[in-house]
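A short write-up of the structure that comes next.
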2 protein chains.
Amino acid sequence: MKEQAKNVLYAQAGGVTAVINASAAGVIETVKSHPEVFGKAYAAVNGIKGVLEEDLIDLDDVPQEQIERLKYQPGAAFQACRFDLDPLDHNPGQYRRVLEVFITYEIGYFFYNGGNGSMVTAQKVSDYCREHGHPVTCIGVAKTIDNDLALSHCSPGFGSAAKYLATSFIEATLDILSMHETSTKFFVMEAMGRNVGWLSLAPGLVKDIIPDAPLIVLPAERPFRQEAFLNRVKELIETHGYCVCSVSEGLVNPDGSYVTITGIEHTTEQDYTQLGGVAQTLAHMVSTEIGCKTHCAIPDYLQRSASHMVSQTDWQMAYDAGKASVEAAVNGEHGTLPVVEKISDEPLSWQFKSVDLQEVANLEYQVPEEFICDNSLCVTDAALDYIRPLIQGERTPQFLNGLPQIQPLEFKTIERQLPPFIAHK
Amino acid sequence: MKEQAKNVLYAQAGGVTAVINASAAGVIETVKSHPEVFGKAYAAVNGIKGVLEEDLIDLDDVPQEQIERLKYQPGAAFQACRFDLDPLDHNPGQYRRVLEVFITYEIGYFFYNGGNGSMVTAQKVSDYCREHGHPVTCIGVAKTIDNDLALSHCSPGFGSAAKYLATSFIEATLDILSMHETSTKFFVMEAMGRNVGWLSLAPGLVKDIIPDAPLIVLPAERPFRQEAFLNRVKELIETHGYCVCSVSEGLVNPDGSYVTITGIEHTTEQDYTQLGGVAQTLAHMVSTEIGCKTHCAIPDYLQRSASHMVSQTDWQMAYDAGKASVEAAVNGEHGTLPVVEKISDEPLSWQFKSVDLQEVANLEYQVPEEFICDNSLCVTDAALDYIRPLIQGERTPQFLNGLPQIQPLEFKTIERQLPPFIAHK
């Protein structure tokens with residue numbers, strides 16, 4: 001086994017968050033602070049796909065001013081792919097190619113900033129390279145707005161999306177409050193999160209502003225019971241004059257099917273069900289069954305791209321996630337993912353502890369029972385106590401000429417050294 | 001004809017804006033500054049409905065600290081009704097009641113902060129009272145997010161909603177930019193505005209951040225041509241890799257029917273078609289016809305309640321609208337609506353000029369031809385030059401414990417003096 005190469009490769013994958021670039025900055029700055037360990041640093045454009053296609057950026061060429069701009073940039077600055085390598089036995093050519101790229105650029109450290117699927121990819125890559133005589137330390141960088149990262153107190157990205165949803169929902173509730181007598185009596189807002197309801201709980205923080213808000217929360221973890229839901233809507237409209245509702249995009253019927261889907265995408269490896277629209281289903285249901293005026297909001301990508309509404313706590317956590325991944329490598333770990341371990345509650349403080357990449361990839365952190373009311377129609381105080389610390393702190397957004405100062409960052413890819421990658425099976 | 005009473009009544013009606021309460025503050029503070037003209041000041045809760053039901057607030061009892069809080073409060077602080085008086089010959093009882101309330105509380109000035117329909121109501125009320133020996137000066141206070149107020153350079157409320165939509169769209173575009181290679185290639189966001197496309201133009205300001213953004217704008221003024229739209233989407237995806245789109249909720253087919261509606265509400269006086277959902281229609285259309293992954297966002301009420309994204313220019317204009325209405329009354333006008341007259345461009349400056357309430361109520365300010373491209377699929381530079389000044393300036397939102405400081409204002413209604421109003425025809 002040859003000596004481990006010293007160069008670093010960083011890449012982003014999966015759904016972006018409002019703070020993923022803070023993690024990027026955390027990785028880049030921490031790598032720079034350990035010249036005794038690391039050589040050059042590269043980023044791949046478009047995740048593992050960029051590795052295959054040899055689309056690489058020399059991070060040593062990126063001036064500090066751009067790293068600063070990176071820190072609050074929405075989207076994924078190095079582009080993030082929804083693309084995983086095929087299983088090794090289906091497509092060994094992909095793995096040979098990754099190895100080839102890693103050898104060519106003397107990559108000894110691979111920091112992959114993605115969700116569960118990406119973690120599995122990173123680990124497969126690392127194993128393959130090691131087996132072929134080129135050891136690569138692979139460390140994951142934690143990230144997801146969905147908050148479903150197992151073994152972690154919470155996920156970087158969640159706090160900002162939660163802050164966005166809570167703020168938006170509170171403002172909209174004040175709108176409804178002021179017009180419900182003669183206008184809309186039921187308002188529902190849809191949160192992302194696929195099969196977990198964490199984001200749908202965040203609007204429950206409306207209770208910090210309006211303690212007896214007539215609120216219904218429908219997280220994905222509880223099967224939807226139409227009659228109970230409609231009865232509760234009726235009840236709240238009777239007692240309060242209106243009803244506001246937060247629903248998970250992944251709400252399911254008692255038989256396990258999604259209440260609403262956008263469509264099914266068929267790919268060669270698997271089918272992918274696209275969610276979105278359950279808010280409209282519910283608004284229409286209430287309008288038809290109860291007969292009042294309803295409105296629905298589907299923020300969609302807005303909840304994960306809102307750099308003007310970043311939670312400073314979440315931002316710091318995301319930065320620390322990048323830093324912790326690099327430090328894990330410095331400490332000689334490999335095949336791990338540093339996750340958040342809470343140290344104290346008030347104020348919230350944390351450290352990162354490493355878990356096994358494979359182990360965490362197979363788990364999903366669902367909303368625990370005690371965070372949802374017994375009637376499955378609301379969020380408990382315990383849940384709000386959990387979320388509240390994660391949304392603390394704001395950074396005054398930088399505007400110029402009325403718009404946020406978020407011009408896209410431009411990075412030049414370096415000249416390729418290898419022939420083009422021919423994707424084949 | 002007796003001498004005009006001196007007390008003031010202010011009320012809010014129609015769809016709220018993020019700055020309608022700034023207008024309320026403008027009215028209240030300007031009334032206070034003219035003790036030589038005005039007596040007591042009241043606000044009705046829930047617009048003209050509150051007048052009928054004698055739900056009144058004594059504004060003299062409201063401390064200055066609450067007036068300050070009012071200035072950035074989302075929703076309508078005194079509640080806004082979607083309710084107009086019936087025609088006089090259908091329901092004279094309503095008019096007798098309003099007169100009775102105005103006499104009881106010695107109301108000589110009625111400032112009604114609403115859209116076109118409300119203006120007509122206000123004028124009918126004023127005429128009736130005058131004809132029955134109780135002169136009431138009625139002045140409208142301009143307001144709408146739709147920007148369809150005729151004879152006015154723009155409408156208070158529009159600039160903030162435009163800022164919200166532009167900012168959100170830019171952030172979402174950066175999200176798409178960073179993921180389109182392997183994920184969503186078409187993103188569409190829906191703007192309110194019913195039959196006018198003003199709000200749908202605002203996301204065109206993405207071009208200030210990404211000059212060659214692959215943008216389609218579909219305002220309500222241009223009939224939707226599916227083939228041209230799909231061809232343009234295909235073309236932009238080919239040249240740029242993705243396409244982002246802003247669409248009016250009120251987009252119509254060549255035959256004049258709405259592309260998408262939520263439903264039709266039948267009331268005794270008229271039918272009301274509820275809009276909403278055209279973004280999903282387009283996302284599904286592109287997904288089916290072109291075969292790429294699509295996403296859509298429907299901000300709905302979020303675009304008009306986002307007090308964290310108020311345009312300071314719009315805020316000032318809304319405050320000035322309230323002030324101008326009171327000053328119009330001081331100057332002896334009646335039956336007028338002060339509207340915005342632009343004085344200069346850079347920087348934007350304005351004054352208010354009064355127009356006839358009846359005249360403006362019958363008109364609708366549509367997006368002019370020169371603001372939409374000839375191909376009906378985009379927004380021109382002239383349109384962006386018009387909108388840009390209206391979104392300038394930000395106020396740092398006040399947060400407490402991670403959430404905006406917007407606890408609902410509570411006003412006590414005064415003890416009634418009249419018997420309950422029995423609504424009958």
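Going from the start of the chain as shown, residues are counted 1 onward.
Even glycines carry a Cβ here, placed using N, Cα and C.
Predicted automatically and left uncurated, TrEMBL annotations should be read as such.
Note that the structure is predicted; figures quoted are calculated from it, not measured.
Here TrEMBL flags B:D146 as active site, proton acceptor. Annotation source TrEMBL lists diphosphate binding site at B:G15. Residues or ranges marked as Mg(2+) binding site by TrEMBL: B:N116. Annotation comment: TrEMBL describes B:T144, B:I145, B:D146, B:M192, B:G193, B:R194, B:E249, B:Y301, B:L302, B:Q303, B:R304 as substrate binding site. Per TrEMBL, the feature domain 'Phosphofructokinase' maps to B:8-328. The site 'Important for catalytic activity' feature in TrEMBL is assigned to B:K143.
The structure, with features from TrEMBL marked on it.
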{"residue": "B:G15", "record": "diphosphate binding site", "DSSP (3 states)": "coil"}
{"residue": "B:N116", "record": "Mg(2+) binding site", "DSSP (3 states)": "helix"}
{"residue": "B:K143", "record": "site 'Important for catalytic activity'", "DSSP (3 states)": "coil"}
{"residue": "B:G193", "record": "substrate binding site", "DSSP (3 states)": "coil"}
{"residue": "B:E249", "record": "substrate binding site", "DSSP (3 states)": "coil"}
{"residue": "B:L302", "record": "substrate binding site", "DSSP (3 states)": "helix"}
**OP:** Cα within 10 Å of B:D146 (active site, proton acceptor) is the criterion; apply it to the binding-site residues B:N116, B:G193, B:E249, B:L302 and give the hits in sequence order.
**Re:** B:G193
**OP:** Would you list, in sequence order, the binding-site residues among B:N116, B:E249, B:L302 whose CA lies within 10 Å of the CA of the residue listed as 'diphosphate binding site'?
**Re:** none
Original post:
For the recorded positions B:N116, B:T144, B:D146, B:L302, B:R304, which ones lie near chain A, with a CB less than 8 A from one of its CB atoms?
Top reply: B:L302, B:R304
Original post:
Near B:E249 (substrate binding site), which residues of its own chain have a C-beta under 8 A away, given they sit six or more steps off in sequence?
Top reply: B:E190, B:A191, B:M192, B:G193, B:R194, B:A220, B:L275, B:G276, B:G277, B:V278
Subject >> Pairwise Cα distance for B:K143 (site 'Important for catalytic activity')/B:N116 (Mg(2+) binding site) [Å, integer] >> reply: 9
Original post:
What is the number of other Cβ atoms found within 10 Å of the Cβ of B:D146 (active site, proton acceptor)?
Top reply: 29
**OP:** Go through B:N116, B:T144, our binding-site residues, and report the one whose Cβ sees the most other Cβ atoms within 10 Å.
**Re:** B:T144
Original post:
Taking B:T144, B:I145, B:D146, B:M192, B:G193, B:R194, B:E249, B:Y301, B:L302, B:Q303, B:R304 as the record's substrate-binding set, what's the max Cα pairwise distance in Å, rounded to a whole number?
Top reply: 16
Original post:
Using a Cβ-Cβ cut-off under 8 angstroms and a sequence gap of six or more, which residues of the chain neighbour B:R304 (substrate binding site)?
Top reply: B:G15, B:V16, B:T17, B:A18, B:I145, B:G157, B:A161, B:M192
Subject >> Distance from B:L302 (substrate binding site) back to B:N116 (Mg(2+) binding site), taken between C-alpha atoms, in Å >> reply: 22
**OP:** Within 10 Å of each Cβ, count the other Cβ atoms, then let me know which of the binding-site residues B:G15, B:G193 comes out lowest.
**Re:** B:G15
**OP:** Note the mean pLDDT of the domain 'Phosphofructokinase' (B:8-328), expressed as a whole number.
**Re:** 95
Original post:
Same-chain residues six or more away whose CB lies under 8 A from the CB of B:L302 (substrate binding site)?
Top reply: B:Y164
